[in-house]
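The block underneath contains the structure these notes are about, expressed in structure tokens.
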Amino acid sequence: MARTKQTARKSTGGKAPRKQLASKAARKAAPSTGGVKKPHRYKPGTVALREIRRYQKSTELLIRKLPFQRLVREIAQDFKSDLRFQSSAIGALQESVEAYLVSLFEDTNLCAIHAKRVTIQSKDIQLARRLRGERS
């Protein structure tokens, strides 16, 4: 192949600019118009783990006192009317109820893990109570 002489040509400035896709153009235009910033969201499970650590550290009662007191009085009325309770008695009842519920949920969680699940279901609570001998 014979060599040819190269002549100088005027530069066109490289490649011609491509047309932007509609979605890219819309994305670039949105922030300049003062778009609303989306609120920050944690990954699923992060807040749950934080709450677990928080409640495991704490010792305060988690059930509100007045609703619990009303429930106790309502249940007690079935046995005898005009019963009176010392505030310390209601406090002791609430303390024991919360301790019972926490241990029940621990056993329920073990039942769910045994079934290769991470979500507890009502059948896990039933199994935990049956294994404890509370329910036949």
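Including glycine, each Cβ sits where the backbone N, Cα and C put it.
Residues or ranges marked as region 'Disordered' in Swiss-Prot: 1-43.
Here Swiss-Prot flags K5 (among others) as N6,N6-dimethyllysine. According to its DSSP assignment, K5 (N6,N6-dimethyllysine) is coil. In this view, K5 (N6,N6-dimethyllysine) is surrounded by 4 other Cβ atoms within 10 Å of its Cβ, with every protein chain counted.
The N6,N6,N6-trimethyllysine feature in Swiss-Prot is assigned to K5 (among others).
Look at Swiss-Prot and you will find K10 (among others) tagged as N6-methyllysine, backed by similarity to another entry. For K10 (N6-methyllysine), no same-chain residue 6+ apart in sequence has a C-beta under 8 angstroms from its C-beta.
Residues or ranges marked as N6-acetyllysine in Swiss-Prot: K10 (among others). In three-state terms derived from DSSP, K10 (N6-methyllysine) belongs to neither a helical nor a strand segment and is classed as coil.
The N6,N6-dimethyllysine annotation in Swiss-Prot covers K15 (among others).
The feature N6-methyllysine is assigned by Swiss-Prot to K24 (among others).
Summarising the annotation, Swiss-Prot assigns N6-methyllysine to K28 (among others).
Annotation note: K37 (N6-methyllysine) sits in a coil segment as assigned by DSSP. K37 (N6-methyllysine) is surrounded by 7 other CB atoms, counting those within 10 A of its CB over all protein chains shown. Annotation source Swiss-Prot lists N6-methyllysine at K37 (among others), citing similarity to another entry.
What Swiss-Prot records for K37 (among others) is N6,N6-dimethyllysine, and it gives similarity to another entry as the kind of evidence.
What Swiss-Prot records for K57 (among others) is N6-acetyllysine, and it gives similarity to another entry as the kind of evidence. A helical conformation is recorded for K57 (N6-acetyllysine) in the three-state DSSP classification.
Here Swiss-Prot flags K80 (among others) as N6-methyllysine. K80 (N6-methyllysine) falls within neither a helix nor a strand when secondary structure is assigned with DSSP, and so counts as coil. Other Cβ atoms within 10 Å of the Cβ of K80 (N6-methyllysine), summed over all protein chains shown, number 7.
Look at Swiss-Prot and you will find K80 (among others) tagged as N6,N6,N6-trimethyllysine.
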Using a 10 Å radius on the Cβ of K57 (N6-acetyllysine), the other Cβ atoms enclosed count 7
Where the distance is taken from Cα to Cα, which of the modified residues K5, K57, K80 turns out closest to K37 (N6-methyllysine)? K57
Give the distance between the Cα atoms of K57 (N6-acetyllysine) and K80 (N6-methyllysine), rounded to the nearest whole Å. 39
